[in-house]
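Among the features that TrEMBL reports, substrate binding site is placed at ARG30, ASP86, GLU87, SER88, LYS128, GLY142, ASP143, HIS221, SER222. Annotated Fe cation binding site per TrEMBL: HIS99, HIS124, ASP125, HIS195, HIS221, ASP254, in sequence order. The phosphoserine annotation in TrEMBL covers SER34.
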Amino acid sequence: MRVINMGPDPSLAYRPNLKTNETKEKEGYRNFESGDLIDRVFNTYKLMHTHQTVDFVNQMNSVWTGCSHTKLGMMDAIMSLDQLVDESDPDVDFPNSYHAFQTAEGIRQAHPDNDWFHLVGLIHDVGKTMALWDVPQWAVVGDTFPVGCQYQNSIVFRDNSFMDNPDEKNSRYNTEFGIYEPNCGLDKVHMSWGHDEYLYRVLRFNNCSIPEEGLYMIRFHSFYPWHSHGDYMHLCNEKDLRLLPWVQEFNKFDLYTKTTELPDVDKLKPYYQSLIDKYCPGILKW
């Protein structure tokens, strides 16, 4: 695949769950309703919602989950995000690696005793390195959703972005349960391909020891229709419901830690390197 510049990372855009009567800082994340940005965001989601099909997801799983593309230490992977400036953010303009450290530090302050949680905050977006390896942005960033069953209304741009997706017209895929059994569990559901699923697979492939709660945060932090809108509960099992509050807790820090006050990365690196050495040490296969 060739690199396609699909514009900015839309993962913070269009959050209906953010309340307009909250703080001004949080309102800033809703500033995606005017100007040229809305067109760029929509175009990214339109391509995503056109091409993210069951066949495409199966293809990407086949290509990427064998982790045969490169070998890289986790800190180097984090710092590679310096090449991915989030141009969709109207308030700040800095490399994604700063967002990684900001998220981690926010979690560290609120949850000082869960060091694995700090690490999850640091690495949660590292799967975006795919965008540096010739994967188009619509297959890397943005909200995720299940393929192989009916698309729910809470998906961003649901009403006007799936018209050209062949699965939308496939009677096997466009029912409430589609190819799945009731309460089968999200482990058995094929999610649209992106940085969440990729990093989860990398961590599992390399036998990283991050607890189950942290792996769920990584795997489903972009699954907004589920963790913020309560959709797709008919596919969830007891494990999913037990871990959902952890994903929701993580989401607070993913959304609300972006500020123009940039962290001192060099000062923070030794602490986070110690966590990397503890939970996902050495050179990893990607």
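Every residue gets a Cβ built from N, Cα and C, even glycine.
Values in this document were obtained by computation on a predicted structure and should not be read as measured data.
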Highest Cβ count within 10 Å among the binding-site residues ASP125, ASP143, ASP254: which residue is it?
ASP125
I need the nearest neighbour of LYS128 (substrate binding site) among the binding-site residues HIS99, HIS195, HIS221, ASP254, using C-alpha distances.
HIS195
Neighbouring binding-site residues, C-alpha within 10 angstroms of ASP143 (substrate binding site) - of HIS124, ASP125, HIS221:
HIS221
Rounded Cα-Cα span from SER222 (substrate binding site) to ASP254 (Fe cation binding site), Å:
10
What is the total of other Cβ atoms whose distance to the Cβ of HIS221 (Fe cation binding site) is within 10 Å?
23
Under 8 Å by Cβ from HIS124 (Fe cation binding site), counting only residues of that chain that are 6 or more apart:
ALA100, THR103, LEU199, MET217, ILE218, HIS221, PHE250, ASP254
Have a look around SER222 (substrate binding site) and count the other CB atoms within 10 A of its CB, chains all included.
26
